[in-house]
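Undergrad: When I checked TrEMBL for this same protein, it listed these features:
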ACT_SITE  His276  active site, proton acceptor
BINDING   Tyr25, Arg165, His276, Arg279  glyoxylate binding site
BINDING   78-80, Ser107, Gln128, Tyr130, Thr156, Lys252, Ser274, 307-311, 330-331  FMN binding site
DOMAIN    1-381  domain 'FMN hydroxy acid dehydrogenase'
Amino acid sequence: MPVITSIADLKRLHRRRTPKMFYDYAESGSWTEQTFRENTTDFEQIRLRQRVAVDMTNRTLRTQMVGEDVAMPVALAPVGMTGMQAADGEIKAAKAAEAFGVPFTLSTMSICSIEDVAENTTKPFWFQLYVMKDEEFVDNLIERARAAGCSALVLTLDLQILGQRHKDLKNGLSAPPKPTPRTVADLAFRWRWGLEMLQTQRRTFRNIVGHAKNVGDVRSLMSWTAEQFDPKLDWEKVRRIKDKWGGKLILKGILDAEDAKKAVEVGADAIIVSNHGGRQLDGALSSIRVLPSVVRAVGDQIEVWVDGGIRSGQDVLKAVAMGAKGTMIGRSYIYGLGAMGQAGVTKSLEIIHKEMDISMAFCGKRDIKDVDRNILLIPEDFEGRWQA
Ligand code: GLV
């Protein structure tokens with residue numbers, strides 16, 4: 001077993017152990033992947049300011065996200081098809097998050113259903129909702145999330161149509177994979193994945209199969225999205241969903257201060273500055289570059305979080321210092337899951353926690369709640385010379 005010391009190590013192992021189709025699904029952005037790349041490279045532009053001869057004892061990363069206590073300001077993002085990265089992947093990730101003390105978000109496009117995750121965990125998790133044309137089905141999902149005791153609804157606003165990811169088309173992405181000579185050959189090298197998959201019944205989109213009427217081929221995320229997602233989504237509909245849910249609402253996919261203001265008007269509890277991991281509008285700015293303008297616009301009225309490009313504890317620290325009250329990680333835990341199952345998700349959380357804790361100390365801080373822009377060195381033109 002190799003010694004794992006970083007998220008990059010988990011990524012290498014994930015690539016080796018998981019069928020190419022699913023590794024590629026996680027590791028891609030749309031079209032040229034510019035936004036996907038810049039999500040990570042823009043974090044590198046920001047530097048941390050070292051301070052010395054300060055008391056480093058009794059450090060804490062504990063804080064709150066939408067009123068919930070968290071071990072660090074990091075939640076697991078909703079990721080479609082998590083249960084294809086490893087058998088029962090959503091259950092494994094939820095268990096790891098629960099034990100660590102950070103929130104887990106289940107995607108609408110998950111393999112394990114809301115009920116599967118609820119039956120196998122003890123603490124409330126969050127549910128991510130996509131708005132679909134079939135309002136009855138959307139209402140039904142909201143009811144199921146409520147019945148499962150979910151403590152927040154994460155409504156995704158940036159994926160009513162799917163950005164094109166070339167690799168998914170070329171790989172013929174589906175869940176379960178169709179047995180072609182290529183997928184079978186690929187599996188020969190990933191026999192452990194295959195064996196574990198054979199031991200579970202959870203191999204397709206279980207939030208949908210058996211629940212939605214008039215559904216065509218749900219093996220394919222692409223055809224399902226094209227058929228079912230509602231391209232007419234507007235703020236009125238967001239308000240309707242908020243009223244229907246009645247609980248904490250987090251709006252995901254905000255990438256503009258004007259939209260952030262609308263989210264405040266609607267009465268959301270938090271917003272996530274996000275470009276969907278660079279998987280939707282290729283050419284959009286990285287999330288971390290957009291974050292300061294959104295914090296300036298609404299940071300005193302709503303919790304502003306960020307996701308996209310976070311691959312280390314240092315990245316989380318930078319995001320918090322830039323004004324984010326919380327962050328979400330997607331790929332960083334998916335690498336862990338694909339590499340080593342539940343233990344791998346735990347490992348990714350441990351790595352990020354440790355990196356954040358020690359880096360915070362080097363910056364002269366002991367409490368994540370005291371971290372602010374003073375710990376950063378930011379290039380003068382970081383927010384860019386782009387004019388709207
Ligand atoms: C779904 O949310 C995706 O980005 O593939």
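Even glycines carry a Cβ here, placed using N, Cα and C.
I'd like to know what surrounds each of these features in this structure.
TA: Mapped onto three states, the DSSP output places His276 (active site, proton acceptor) in helix.
According to DSSP, Gly80 (FMN binding site) is assigned to coil rather than to any helix or strand. For Gly80 (FMN binding site), the count of additional Cβ atoms within 10 Å of its Cβ stands at 22 [all protein chains shown].
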Undergrad: Work through the binding-site residues one by one (Gly308, Gly330) and point out the residue whose CB has the fewest other CB atoms within 10 angstroms.
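TA: Among the binding-site residues Gly308, Gly330, the lowest count of other Cβ atoms within 10 Å belongs to Gly330.
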Undergrad: Quick check for you: of the binding-site residues Pro78, Gly80, Gln128, which have their Cα within 10 Å of the Cα of Tyr25 (glyoxylate binding site)?
TA: Gly80
Undergrad: Does Pro78 (FMN binding site) have same-chain partners at least 6 apart in sequence with Cβ under 8 Å from its own Cβ, and which are they?
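TA: Listed in sequence order, they are Thr105, Leu106, Ser107, Thr108, Ser110, Trp126, Gln128, Val154, Thr156, Lys252, Gly330.
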Undergrad: Which binding-site residues among Gly80, Thr156, Arg279, Ile310, Gly330 have CB under 6 Å of ligand 1?
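TA: Among Gly80, Thr156, Arg279, Ile310, Gly330, near ligand 1: Gly80, Arg279.
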Undergrad: What are the other residues, in sequence order, whose C-beta lies within 8 angstroms of the center of the C-beta atoms of Tyr25, Arg165, His276, Arg279 at the glyoxylate site?
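TA: In sequence order, the nearby non-listed residues are Ser28, Gly29, Ser30, Leu162, Gly163, Asp168, Gly277, Gly278, Gln280.
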